[in-house]
Amino acid sequence: MTDNNTNHDSGAGAEGPDRVIGTPSPAGESLAGATATAHERRHEGPYPAVETHPRPEEMQRKGEKLAALWFLVAFLAGIGFFVSYFSFPPNAEGEPAIADPQTAQYANMLMGGTIALALFAIGAGMTVWARRVMPHYEVSSPYDELPSSPEEKGSFSDFFMQGAHESGFTKRPLMRRTLLLAMVPLGLAPIVLLRDTGPLPGDKLKHTMWEDGMRMVVEGTDRLIRASDLDEVGGMVTALPESHDPEHGLSLNDQAKTVVLLIKMDPADFSDEMTQQQLDWTHDGIVAYSKICTHVGCPAALYEQTSHRILCPCHQSTFDAANGAKVVFGPAHRALPQLPVRVDDEGYLVAAGDFSSAVGPTFWDAEKGD
Amino acid sequence: MSTTPAPKALRGLGNYIDDRFHLAKTGEKNLRKVFPNHWSFMLGEIALYSFIILLVTGVFLTLWFNPSMGHVVYDGSYERLRGVGMSEAYASTLHITFDVRGGLFIRQVHHWAALIFVASLVIHMLRVFFTGAFRKPREINWLIGVAIFTLAIVEGLFGYSLPDDLPSGMGVRIFQGVLLAIPVIGTYLMMFMFGGEFPGEAIIPRLYTLHILVIPGILLALIVAHFMILWHQKHTQYPGTGRTEKKVVGTPMYPAFAVKAGGFFFFTFAVIAGLAAFVQINPIHLFGPFTPTSITSGLQPDWYMGFLEGALRIFPNWFDFTIAGYAVPMGVLLPGLGGMGLLFGGLAAWPFIEAWITGDKRHHNVADRPRNAPTRTGIGAAGVTAYGLIWLAGSNDILSETFSISLYATTWFFRIAIILGPIIAFIVTKRICLGLQRRDREILEHGYESGTIQQLPSGEFIEVHKESSPDTVHVLQSKPPARIDIDSTDENGVEPPSGRGAKGRLRARLAHWYTKDNVSFEGVRPHSGHHLHHGATASEEESVKAH
Ligand code: HEM
Ligand code: FES
């Protein structure tokens, strides 16, 4: 409680320095007791005189002027905002339109700058008001005594338990327990309702649309890839399956799963550790790996041809393209899945089946067969 | 018996309200509420004000933003991307930027306010931590604060994901990868969250609902609760003359604090608006729309996600394992979820751990000076160091580029530093605190060094010590007792049962560790030491150390 603050000197003198002009002098007011000091006698504020340190009159006068100046600046800056807003017509309706990034920047600076100035000036004016016009207060007030008294606590506790007894809640356990039981299914209902937010995973995460004979295009184009397109040894191309829906192309979901890095290297560079099967999945030094990092799924987009290393820029997992894309550094654990490739009758590079393992971030049953 | 009658209109309004709510007394009490003066109390205010700014600018953004992943071919005003396929979310963000006047400004205010919101929360929390302001009776408000901090980060991540530009989609991708890593239920959680496989068409609309409705609603409720509790319990205050456990001294709400705080709101808003006007943030038009197949290197998330990014980078894959063929990618789980759990769980648990160790069940309204709680301060410094290092590790590619160090070397540097750094920080900080305690004791006993050199009749030169001000003496004397007497009996003279058993012994040992090095001020009377002989001070220090 702040009650101790109410004992302030309200019988103060007649003409306080901060009397609002035009308000009548309160009637029936007498001078404070003869013992009061001169300062206290003139004090008329909301807080006791000892806790109030008024600013000198001179400072207050200057403070008022300064604050008013800031408020005027704020007003003008506010007007400036409207001017800058209407100086930039929306697109195509005229010049200078904000559709142009450079103009958008300037418009932003003008609109934002004027608003920022207006805000700053109001803040400055208020601060001047608080620090130069208003007194400095050092008011003290007690912290509330937090725990209630033992009597209050005891009384509450009795009251509460008597109520619980009388209502039957404590005395009639059958009713109480069945009520709690009744709540359980209702509590679970909202969770069950979430069931149709998505399909069950099934083995969806383990397969992609790649299948034997599917041709490849360079990512972002419709250009089919021939083995000879990768002739430059050390070359790397990002590829996707050819889409049979030329209007919409491949969905983002399919892109996210099928995207591969096609890397061409000297077949002699393949490590001895690669299995025969892994080597069979290459074609004339061309090897295809999923581009989606097995750590948490960023595209592992950087390829360093001298060391045959694939680097994921997100957390720097590094895979050895010459050795089944095994992890050589970084947080990923699983090798990038390999896509078997071959060449079809017309010389186009095609997949020879789906990936060797699940694509993308490692999950619970990623390494389990079907 | 008012001395300055209120103007008629105001009186009319006041009576109208009071007739219906009986508020005169409560109103006066609350307007008289006292706010202790210290700059560090403004940190929480910055957080409050930036939250308000986020609410207002966020509502403006909803007027134009279209949270849809439907595919469109862009034909808006921004020439460089015309004809490019993208989601409607991205197209509408371009629309806000290049077609809505002031739209770019609102976006940039929203984003800057988000960065400053989380930053001020962190610094505010550090202030509360290091001054022990979380102690009884304020533990519950600390917990609410931790919840606000957690939700603020999630809210920021989801907001960052909405425009569906390239880095934004990468953030969602990483979120998805972390979900997938959860054993047994991960794939289900992910399929339900995304409505199918990544990216699908559901995630942005869903994040949108969370971002503009659910999380801000919870945040608002928590912030209101935070302030109601604060209002009721009042701020802590720093030690000083007249400031006691029972009495708070400061600026009253009305009229002074209201004006000061109002001014400060405008300053905060002005800084955020100034940043939004002149410092570009998240230029999504330069990043291009999200595609799952490409990436640019050197991507940096918003700063508050940096520690997650750093943790994912430096945590090795050594602990990944499989049980019966099922994969448990610890290299994702520990940094991705464990790090968060450790940070938020540790923060939430600390007040209770400390109270258990020290056995301190008293109310505290006077804040600790950090030096007077050296173990806590050391632990805090270790935490800050760990966080800072992990955060820096989130930019190791940029560090490696800037300083031309091998990328892997930076990873190794951080892997080692994250273990050594906090230990060193703890030891150094604690030593500094103890040194400051010793100096405090010396000042209390001998006064402060005046800088004046005097020659004694013996020919020796000494520095004259002057008496400190009463306020300084008060602050120095407010230091709590050096040790906790864990074996002591309770009020009734009974040895607490908690003192026995293995748990009791562990606690006693922790309590000893927690306070053993504290410098005792017991028996020190202000300005009682030799004023003249400096040599005595040195030996005094020795004897303090020997304790
Ligand atoms: C409370 C904390 C909040 C945080 C930390 C936050 C954070 C963010 C961030 C970082 C962005 C990305 C902005 C960009 O650069 O484009 C964003 C976007 C957005 N936010 Fe918030 N926000 C918050 C509250 C709100 C609220 C309350 C609303 C609406 C009522 C809202 C509505 C939006 C909308 C519509 C967008 C997408 C538009 C765009 O990105 O241009 N936000 N938010
Ligand atoms: S996603 Fe590739 S390293 Fe993390």
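Heads up, the Cβ atoms here are built off N, Cα and C, so glycines get one too.
Which of B:442-462, B:463-483, B:484-504 counts as region 'Disordered' depends on TrEMBL, and there it is B:484-504. As annotated in TrEMBL, transmembrane segment covers the listed stretch B:331-353 rather than the other ranges in B:78-100, B:331-353. In TrEMBL, the annotation transmembrane segment applies to B:373-393, one of the ranges B:16-36, B:373-393. Taking residue pairs at least 6 apart in sequence, the transmembrane segment (B:109-130) and the transmembrane segment (B:373-393) share three or more C-beta contacts under 8 angstroms.
Long-range Cβ contacts of the transmembrane segment (B:109-130) within its own chain (Cβ-Cβ under 8 Å, at least 6 residues beyond either end) map to 40, 43-44, 46-47, 50-51, 53-54, 57-58, 61, 142, 145-146, 148-149, 152-153, 156, 159, 268, 271-273, 275-276, 279, 281-282, 302-304, 347, 350, 368, 370, 376-377, 380, 384.
At the 8 Å Cβ threshold, with sequence separation of at least 6, the transmembrane segment (B:174-195) comes into contact with the transmembrane segment (B:331-353) through 3 or more pairs. When each of the listed stretches B:46-65, B:261-281, B:331-353, B:405-429 is scored by C-beta pairs under 8 angstroms to the transmembrane segment (B:207-231), B:46-65 comes out highest. Across the residues of the domain 'Cytochrome b/b6 N-terminal region profile' (B:13-239), the predicted structure has a mean pLDDT of 95.
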